[in-house]
Amino acid sequence: MVYSKTIACMFTMLLLAPAIMATDPDPLQDFCVADLDDNAVRVNGYPCVPQSEAGDDFLFSSKLARGGNTSTPNGSAVTRLDVTEFPGENTQGISMNRVDFAPGGTNPPHIHPRATEIGLVVKGELLVGIIGSNESGNRLYSRVVRAGENFLIPRGLMHFQFNTGDTVATMFVSFNSQNPGIVFVPLTLFGSDPPIPTPVLTRALRVDAGVVELLKSRFAGGS
């Protein structure tokens, strides 16, 4: 009987192991500067550039010192500092973004599938919204966050930001992953390649086919 309980316990631990380990792995060396060569073999990350070739520039970046052009359909510009832009982040489990917003600009509803996010508004004010899962009744948690204030986005929850002020707004966000990933909800639904069949969307969204086709035309080509 004791033996069978031990086997059952070990089996349960094996089942739970992937969930317990579902985060960026801990580094096994001081640094592993990412080799971004397209021909390099990747296994859940990037291989290391030889330390003798790494230099020291990988520890420093000024990329987020300047904002992007907010003359976009969303009225916002995202400046990324993930591992593809800052190879020194490889294996460190961290990354950052800067987002600038024109008045009325938005960072549309999206999800980061691999990271929790914490943000700091440094200029202006932003309406920050986080939508809970069905366990919370899809509750919307929202607040206008002003310069000097923070917000937290739990991993995998849909969220957005919207500039409610009359001037440019800027925020910096950090992630507990070198590659948090992003799924923009409108673009995913209406700009996928190949497209999601219209009957699927008409039934799921409870609208006419003409509405779906109009939205698909707005997001065609990943715009």
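If you go along the chain as it appears here, the first residue is 1 and each next one adds 1.
The backbone N, Cα and C atoms fix where each Cβ goes, glycine too.
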Self-check item: From Cys9, Cys48, partner that TrEMBL gives for the disulfide involving Cys32
Solution: Cys48
Quiz prompt | Candidates Asn97, Asn107, His112, Glu117 (binding-site residues) - the one closest to Cys32 (disulfide bond) by CA | solution = Asn97
Self-check item: For the Mn(2+) site built from His110, His112, Glu117, His159, further residues of that chain with CB within 8 A of the site's CB center
Solution: Ile111, Ile153, Leu157, Met158, Pro180, Ile182
Self-check item: Mean of pLDDT values spanning the domain 'Cupin type-1' (62-213)
Solution: 96
